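Features of the protein shown, as given by Swiss-Prot:
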{"type": "BINDING", "residues": "91-98, 137-141, 267-270", "note": "GTP binding site"}
{"type": "DOMAIN", "residues": "85-314", "note": "domain 'OBG-type G'"}
{"type": "DOMAIN", "residues": "314-389", "note": "domain 'TGS'"}
Amino acid sequence: MLFLLSLKRIFIFRNHKFNIVGDVMGIEEEIRRIEEELKKTPYNKATQKHIGRLKAKLAKLREQAQSRGGGGGGKGYAVKKSGDATAAFVGFPSVGKSTLLNKLTNAKSEVGAYAFTTLTIVPGILEYKGAKIQLLDAPGIIVGASSGKGRGTEVLSAVRSADLILLTVDIYTLDHLPVLEKELYNVGIRLDQTPPDVKIKVKERGGINVSSTVPLTHIDEDTIEAILNEYRIHNADVVIREDITLEQFIDVVAGNRVYIPSLVVVNKIDLADEEYLKYIKQKLEEFGKDYILVSGNKGINLDLLKEKIYEKLGFIKIYLKPQGKKPDFDEPLIMRRGATVKDVCEKLHKDFVRNFRYAQVWGKSAKHPGQRVGLDHKLEDGDILTIVIKR
């Protein structure tokens, strides 16, 4: 009897697993069908609404494929964030990500002359100009990673929380760059973009009302309504303050996108001659992203890479001044550009926000020396800050 029950459980488990696989395969087939239809459909005023609906469907299907095919079981890739900011090396296998991590930090990421040496995400800390920057060496991804191939969904999901993406290739694999960008795009990572200035307020009745403060040249009201309907939103007020594209509007409606700056890191430049280096630079200019040429093995341009990472993360230094005392210029607080007094309070102690009375600021962000400000005050590099709390 026990043997029969065990067999039944195994059958149910396997059947459930086959259903999941079948669901994912069905979703992938539908994704391919829509992608083919989009390729064949010319984009014009007459087809804009139809294309908008198709792209909204495609975005929803990709989310379903990731959630169902994200690879259960086994060791996950979650890494606790530490330091002042996080930058993640993302690239195909064997481009030298582990070597770069080891050279820049105190980490020990395994290095090998074959693909897929790194099987988990390896963190390390880069200390530079007073900042502690967490660097992540992610396992190499492959084409189709965003659909779950090679546990790619888990890897890409883990880097969503990074503050900077280091698109890493070597001198022979520049053609990986658009592929990497596409795989990141498919999991909702928008490189070098800012969130569109669009507000959607869902309501109970009244239909779809669209208002814009600028002329819309890439999307019309019918397409906006079609996309919202695809997401089962039939009553909403939409306010648009920039000339957005159809894809940007879908991003706003989906609501799970992250916007992260990037830096292209081209490794192994010690293996290229002058002529080939010219070719590489030309290709990178065409790709249109900020880049740096390095060699992990030979240590070429690694100090410049540290500086680039620091600049891209937009750090500012805040000097704390206890009440009635002199500022501490020896150990500044490292914050990110756009940080507020509240951000500083949260970094210093969990009770500072709750017990906050006021703050005083000296520096670029102050209208006058010692200006009294609240939690929402934005700080600038080099500011001196006094925080006064309830006793």
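The backbone N, Cα and C atoms fix where each Cβ goes, glycine too.
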Going by DSSP assignments with H, G and I as helix and E and B as strand, what are the residue counts for the domain 'TGS' (314-389)?
8 helix, 28 strand, 40 coil
Min neighbour Cβ count (10 Å) across binding-site residues Ala138, Ile141, Ile269 flags Ile269
In the three-state DSSP scheme, Lys97 (GTP binding site) belongs to helix
Binding-site residues listed as Gly91, Ser94, Lys97, least Cβ neighbours within 10 Å:
Ser94
When DSSP states are folded down to helix, strand and coil, where does Ile269 (GTP binding site) land?
helix
Across the domain 'OBG-type G' (85-314), what does the mean pLDDT come to, as a whole number?
89
